[in-house]
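Here's the structure we're looking at; comments come further down.
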Amino acid sequence: MNYEAIVLAAGRGKRMNAGMNKQFLELGGEPLIVRTLNVFERDERCTRIVLVVNPAERSRFEQLLARFRIQKVAALTDGGEERQHSVYNGLQALAGEEIVLIHDGARPFVRVHHLHELVNAAVQYGAAIPAVRVKDTIKKANGLFVEQTIDRSSLWAVQTPQAFRLSLIMEAHEAAKQAGYLGTDDASLVERIGKPVKIIEGDYRNIKLTTPEDLLFAEAILASRMAE
């Protein structure tokens, strides 16, 4: 089944300390956002991309889309005050495919086969998210003193893209908007209205580039991909 994608690129990325939006940082000779968009650009099941940007950077994004010949970005939408508001703005710009994938622009390493697994699961269950099992020991703390060691056997680290039936994620966002609720991700809004969210086993290499150290990991992942 086909799908539309919302790609979020409006964040400030302060933790990267790059002096610019991290989406414009180069990774292997291409801007980060271009690498991310190309995953969807090259997937035949993706019919359309909505790119959510800071309005002050709109022209720069438009120049990148033209320079790198990215054809599937059909709309550039302004970001909101919070990530959730940015997603909501992106949802308003969709054309109406039954399934939508919502993705962080700073995750350039998602695999196409994972996109398809997520789409198939969203068709069946309504909502699906990629996640990886937590490897480290997790402790709950009060200040800098341990209160409890958490059983990690049921813990998952959640990634994007997150996939939804459009009608379901619209319902979830509208309910959150009316209640003034801010969730930590889009799936949490679906959970809030009592609907199931299916986990699809993700890939540890599908990292989100957040800090300068992540750029080093990203270069290593890119080198390994090029060697495949």
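Yeah, the Cβs are placed from backbone N, Cα and C, and that goes for glycine too.
Under DSSP, ARG15 (site 'Transition state stabilizer') is assigned to a helix (H, G or I) in the three-state scheme. The site 'Transition state stabilizer' annotation in Swiss-Prot covers ARG15 (among others).
As annotated by Swiss-Prot, site 'Transition state stabilizer' applies to LYS22 (among others). Secondary structure at LYS22 (site 'Transition state stabilizer'), taken from DSSP and collapsed to helix, strand or coil, is helix.
The site 'Positions MEP for the nucleophilic attack' feature in Swiss-Prot is assigned to ARG152 (among others); the stated evidence is sequence analysis. Under a cutoff of 8 A between CB atoms, and with a sequence separation of 6+ in the same chain, the neighbours of ARG152 (site 'Positions MEP for the nucleophilic attack') are ARG133, VAL134, ASP136, THR137, ILE138.
The feature site 'Positions MEP for the nucleophilic attack' is assigned by Swiss-Prot to LYS208 (among others). Counting every protein chain shown, 15 other Cβ atoms lie within 10 Å of the Cβ of LYS208 (site 'Positions MEP for the nucleophilic attack').
The most densely surrounded of the recorded sites ARG15, LYS22 is LYS22 (count of other Cβ atoms within 10 A of its Cβ). In this structure the C-alpha atoms belonging to ARG15 (site 'Transition state stabilizer') and LYS22 (site 'Transition state stabilizer') are separated by 10 Å.
Comparing LYS208 (site 'Positions MEP for the nucleophilic attack') with LYS22 (site 'Transition state stabilizer'), their Cα atoms are 11 Å apart once rounded.
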